[in-house]
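J.: From TrEMBL, here are the annotated features:
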DOMAIN    1-175  domain 'Major facilitator superfamily (MFS) profile'
TRANSMEM  5-24  transmembrane segment
TRANSMEM  36-53  transmembrane segment
TRANSMEM  65-82  transmembrane segment
TRANSMEM  88-106  transmembrane segment
TRANSMEM  127-144  transmembrane segment
TRANSMEM  150-170  transmembrane segment
TRANSMEM  194-215  transmembrane segment
TRANSMEM  227-247  transmembrane segment
TRANSMEM  259-276  transmembrane segment
TRANSMEM  282-300  transmembrane segment
TRANSMEM  320-344  transmembrane segment
TRANSMEM  350-369  transmembrane segment
Amino acid sequence: MAFKLYNFIFYITMAAFGYFNIYFQDAGLDSFQIGLVNAIPRIFALLLMPFWGFLTDYFHENKKVLLITLIGTLTTVVLFPQTSSFKILMLLMFFYTLFQNPIIPLSDSLLLDYLGDNSNYYGKFRLWGSVGYMASVSFLGYFLETTSSANLFYVYGIVLILSIILLRFLPKSKREIEVLNPGDFKKIFKKRRLLYFLFFVFILQTSMNANYSYFPLYIVAQGGGEFLVGIALTVSSASEILAFFFSDKIIKNNKFSQIIVIISLGFILRWLMLSLFPYNPIILLSQLLHSITFGLFFAVGVDYVDQISGEKFRATGQNIYAGVFMGVSAISGSLIGGKIYQLYGGEKMYFFWSIISAAAGIIYSFYLFNKERELKINAD
């Protein structure tokens, strides 16, 4: 129960993060500057991303490292509303990214340690994060629209304090203490299955992170406001709850290659809907596909990476996965998406991502099908 409550509370911060770019826009930044503020700090912060996982796996101090990242994030977010300077905002985003990025993979690693061999049940716990997100995002949007976008950082800070309190009640890892050789960590980078999957994740998540950055601005451009943004995000989070709930059954009853095809089709359809039908009802309808393009995708990825990395390198594997899923792809998504959005607008940007998603899905699916065929031939 402690993990479920922790996820419920912490993921309210992700609802607040969805409004960062509206604050940046209110602070006077243009769309390309917003892309830079989101991307450039991540480049430097991500260099330290594997360090958090290495630190956790080496010393087996997941909760202590997680506490450091939560406190660091809290210290940073309360400084955002004190400035509207482009340079200072970029500096703050560096420290925010440095401390915030490892929180989810470290939390997931702690949960996976608790689940042990039942990692496919991850979604049943993670869905409570989506419930917290869904329960708060619309109210937060209405609150910011009627007050000031700067208030999102104070809400963020309060939720982080609650998360820090709840962290105390999370169970510690059951793993036996075993000091690892630093050279052993190179092994995880030599696993081809992992590298190919991470490259596929990078391509699709580049499109998703561009969406995260510019979807609120896209809705505003169509005549909506923060409240409509909140409604859209509520629809998406409600849909992902179902995906997380059924993810264990989907993983058990389907081949990995089949799930990848479904995920790829979800991305293609979602971006085409936003590109070809830029009307508020269709925009809201497209958010239902978040169940596939995020909920199912993320849960399947956590389980797949956990199987490949194993118990010894669990935190390292999850940090690498999160570094690609939420980090490196966020840089490319913010920069590429920002430039396309600035030059050609939202419709063209989403159409571009539909083509990229189709190409990535076809190539990776063929690779997986060929591997399955080879294994079947060898088995015969």
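Quick reminder: no glycine exception, Cβ is built from N, Cα and C everywhere.
The shown structure was predicted, so the numbers you read here are calculated from the model rather than taken from an experiment.
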J.: Hey, which bits of the same chain come close to the transmembrane segment (259-276), Cβ under 8 Å, at least six residues off its ends?
T.: 200, 204, 207-208, 211, 218, 250-251, 282-283, 285-286, 289-293, 296-297, 300, 346-351, 353-354, 357-358, 360-362, 364-365, 368
J.: Hey, which bits of the same chain come close to the transmembrane segment (320-344), Cβ under 8 Å, at least six residues off its ends?
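T.: For the transmembrane segment (320-344), the sequence-distant neighbours (Cβ-Cβ under 8 Å, at least 6 residues beyond its ends) are 30-32, 34-36, 38-40, 42-43, 45-46, 49-50, 53, 97, 101-102, 104-105, 108, 188, 194, 198, 201-202, 205-214, 217-218, 298, 301-302, 305, 352-353.
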